[in-house]
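What follows is one structure encoded as structure tokens, with my remarks underneath.
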Amino acid sequence: MTVEMNKSIVKAYSVLETGEPLPFDVAVELAHLAGEDVPDLLSLANKVKNRYATLSEGALHSCSIINAKSGVCAENCRFCAQSLHNSADVEQYSLLDAEAIVRSAGDVYDEGIRHFGVVTSGYGYRKVNPEFLKIVAIIDQLRQEYPDLNVCASLGILGEEPVRMLAEHNVRHYNINIQVAPDRYSDLIADSHPLKDRIDTIRLLRKYGIPVCCGGILGVGETMRERLDFIYALQELDIAVIPLNVLVPIEGTPLQGAATPALTDIVKTFALCRLVHPGKIIKFAAGRETVMNDFQGLLMLAGANGFLTGGYLTTRGRKIGDDREFMRQLAGFAEVSCS
């Protein structure tokens with residue numbers, strides 16, 4: 001018996017053959033897939049990942065972060081527990097001292113993690129100020145203590161001088177997310193600052209040669225078509241690493257009662273992101289352990305080739321040791337190492 005594959009998936013095999021991004025019109029067709037066609041899409045995305053997004057020595061990308069400054073943020077991001085506009089119960093503290101941050105980095109380093117991000121709450125740093133200089137000094141100390149550790153940062157919106165300093169101090173990746181389709185940012189995410197501030201920061205980072213880590217969040221009220229608009233917006237910005245989060249609703253935020261997207265829509269979004277970005281790092285971040293639960297491995301077979309491990313900003317994650325076993329199990333589906 002001959003089984004015919006969905007015609008839209010057949011069209012999408014051009015990505016596997018050429019390494020060229022999926023055309024938008026085909027992505028729209030694939031977004032409507034349902035039932036037994038969905039696993040065929042995931043299989044294609046996994047093949048594209050294995051062919052075009054193999055990392056050094058075949059390893060999966062894994063990173064960990066520290067919430068180095070928590071809460072008291074004047075921005076009104078609707079999903080975020082750290083916003084002063086929301087009433088979530090979250091720990092608040094100013095910038096941690098260098099000892100605490102270096103100690104945290106050492107803990108994950110000992111677990112084999114080689115990408116570590118320093119994250120702070122707040123709008124960001126338009127200009128260099130004393131707090132920013134402390135962060136730069138901490139970055140230097142991290143690099144001195146652990147020479148092969150890739151030190152990353154997520155410090156909000158930046159002006160040109162702060163970006164220049166981060167480049168001089170060899171920040172490996174800088175994370176700043178656009179979150180959703182550009183024309184939905186103000187109503188789905190925040191209107192206390194324009195998305196343009198984030199895009200301007202991304203352009204400055206690229207100007208100074210800092211690879212950009214930029215992604216978004218699923219489940220904040222967007223449609224499947226708007227997820228495609230988001231994915232293609234990332235293509236225009238030439239992003240190096242794409243973190244995809246699935247909303248974990250937090251009590252005390254405007255999205256505390258938000259419905260979780262259908263599992264099939266989540267996995268289709270990951271797969272389509274891979275087909276649009278054949279050679280990029282696509283990592284699964286928040287929602288991996290909680291929203292996806294038993295199905296988190298499915299996303300690693302739907303085009304993702306990295307993940308955030310060890311916890312998030314205000315929610316807990318899995319133990320790094322558990323994730324290393326997770327990586328070993330995934331190695332059976334592709335020629336990847338667990339280092």
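Just so it is clear, glycine is given a Cβ too, placed from its N, Cα and C backbone atoms.
Annotated in Swiss-Prot:
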BINDING   Cys73, Cys77, Cys80  [4Fe-4S] cluster binding site
BINDING   Cys152, Cys213, Lys283  [2Fe-2S] cluster binding site
DOMAIN    55-288  domain 'Radical SAM core'
Neighbour tally for Cys80 ([4Fe-4S] cluster binding site), based on other Cβ positions within 10 Å of its Cβ: 24
Provide, as an integer number of angstrom, the distance between the C-alpha atoms of Cys80 ([4Fe-4S] cluster binding site) and Lys283 ([2Fe-2S] cluster binding site). 20
Over the domain 'Radical SAM core' (55-288), what is the model's average pLDDT? 95
Pop the Cα-Cα gap between Cys77 ([4Fe-4S] cluster binding site) and Lys283 ([2Fe-2S] cluster binding site) into the table, whole Å please. 22
About how far apart, in whole Å, are the alpha carbons (Cα) of Cys213 ([2Fe-2S] cluster binding site) and Cys73 ([4Fe-4S] cluster binding site)? 21
From the centroid of the CB atoms of Cys73, Cys77, Cys80, the recorded [4Fe-4S] cluster site, which same-chain residues not already listed sit within 8 A by their CB, in sequence order? Glu75, Asn76, Phe79, Ala81, Gln82, Ser83, His85, Asn86, Ser121, Ala190
Let's check the environment of Cys213 ([2Fe-2S] cluster binding site): how many other CB atoms sit within 10 Å of its CB? 25
Neighbouring CB atoms within 10 angstroms of the CB of Cys73 ([4Fe-4S] cluster binding site), all protein chains considered, total 23
Do me a favour and check the Cα-Cα span between Cys73 ([4Fe-4S] cluster binding site) and Cys152 ([2Fe-2S] cluster binding site); whole Å is fine. 21
In sequence order, which same-chain residues at least six apart have a C-beta under 8 angstroms from Cys77 ([4Fe-4S] cluster binding site)? Ser83, Ile189, Ala190
To see if you understand the setup: which same-chain residues, six or more apart in sequence, place their Cβ under 8 Å from that of Cys152 ([2Fe-2S] cluster binding site)? Cys63, Ile65, His115, Phe116, Gly117, Val118, Val171, Arg172, His173, Tyr174, Asn175, Cys213
Surrounding CB atoms that lie within 10 Å of the CB of Lys283 ([2Fe-2S] cluster binding site), all protein chains: 26
Cβ within 8 Å of the [2Fe-2S] cluster site centroid (Cys152, Cys213, Lys283 excluded): which residues? His61, Cys63, His115, Gly117, His173, Asn175, Val241, Pro243, Ile281, Gly306, Leu308
